[in-house]
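Peer 1: Got a structure here, written out as structure tokens. Questions coming.
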Ligand code: SF4
């Protein structure tokens, strides 16, 4: 598997925000969000090759911890099912973070954390390229306990998220969250109050980015 980093930190986002967790960050992502907060992990040249056994040996040092498998896009990794199966023996809770562009198959995962890509995920080179696949996201929600985090910057994004929600047939079974678009503490401070107001107005749950508040973001945070 291509691994960017393995580290122990506080889960900053979603329904488990605040829980100490072991993070396994895979490298490589076919989406190319201009606001990606893990730029160093999205290239297919990033990270180092590690076997499942090597990763599990590292994870074993945090036996009993929650695990978060994130990226990059973890679902492109061939040995993901074996990794989840191995982690099951040492972790009470496994979260998988995905952009929802690929089906997951049968994984030993407790929470599917889906961050669907709105048009704000398109970069200048691929203006009309779609990264939003409602049928795939519905399939994930039907198979796994799920949360959906929309990364939003303004009202237009929130309205687009609302239209996207209507296309995800199984959406009623997932937690729906809005997360401020920010990759630094300063950006988060500016954007979070505005997004909180959108949550109040539209009934979404506010998704924090505690890693920016506590550690300023970046590698190992
Ligand atoms: S999907 Fe996630 S990892 Fe991939 S480019 Fe976008 S924010 Fe970065």
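The backbone N, Cα and C atoms fix where each Cβ goes, glycine too.
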Peer 1: Just to be sure I read the record right: 10, 11, 12, 70 are listed as binding substrate in TrEMBL. Which of 25, 57, 58 is listed for the same site?
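Peer 2: The one candidate that TrEMBL places in that substrate site: 25.
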Peer 1: Among 72, 86, 172, 201, which residue shares the S-adenosyl-L-methionine site with 35, 36, 37, 115, 116, 117 according to TrEMBL?
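Peer 2: Answer, per TrEMBL (S-adenosyl-L-methionine site with 35, 36, 37, 115, 116, 117), from 72, 86, 172, 201: 72.
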Peer 1: Sort the binding-site residues 33, 35, 38, 117 by C-alpha distance from residue 25 (substrate binding site) and give me just the closest.
Peer 2: 38
Peer 1: Return the residues near residue 29 ([4Fe-4S] cluster binding site), defined as same-chain residues 6+ apart in sequence whose C-beta is under 8 angstroms from its C-beta, sorted by sequence, else 'none'.
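Peer 2: Counting only residues 6 or more apart in sequence, the Cβ neighbours of residue 29 ([4Fe-4S] cluster binding site) under 8 Å are 36, 41, 42, 71, 72, 73, 76, 99.
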Peer 1: In the structure shown, with every protein chain counted, which of the binding-site residues 25, 117 has the densest set of Cβ atoms within 10 angstroms of its Cβ?
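Peer 2: Compared across 25, 117, the most Cβ atoms within 10 Å surround 25.
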Peer 1: Other residues near the [4Fe-4S] cluster site, CB within 8 A of the CB centroid of 29, 33, 36?
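Peer 2: Counting only non-site residues, the set is 31, 32, 35, 38, 39, 42, 99, 121.
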Peer 1: Can you figure out which of 35, 38, 116 (the binding-site residues) comes closest in space to residue 10 (substrate binding site), comparing Cα atoms?
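Peer 2: The smallest Cα gap between residue 10 (substrate binding site) and any of the binding-site residues is with 38.
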Peer 1: Which one is it: of the binding-site residues 72, 116, which Cβ has the fewest other Cβ atoms within 10 Å in this structure?
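Peer 2: Looking at the binding-site residues 72, 116, the Cβ with the fewest others within 10 Å is that of 116.
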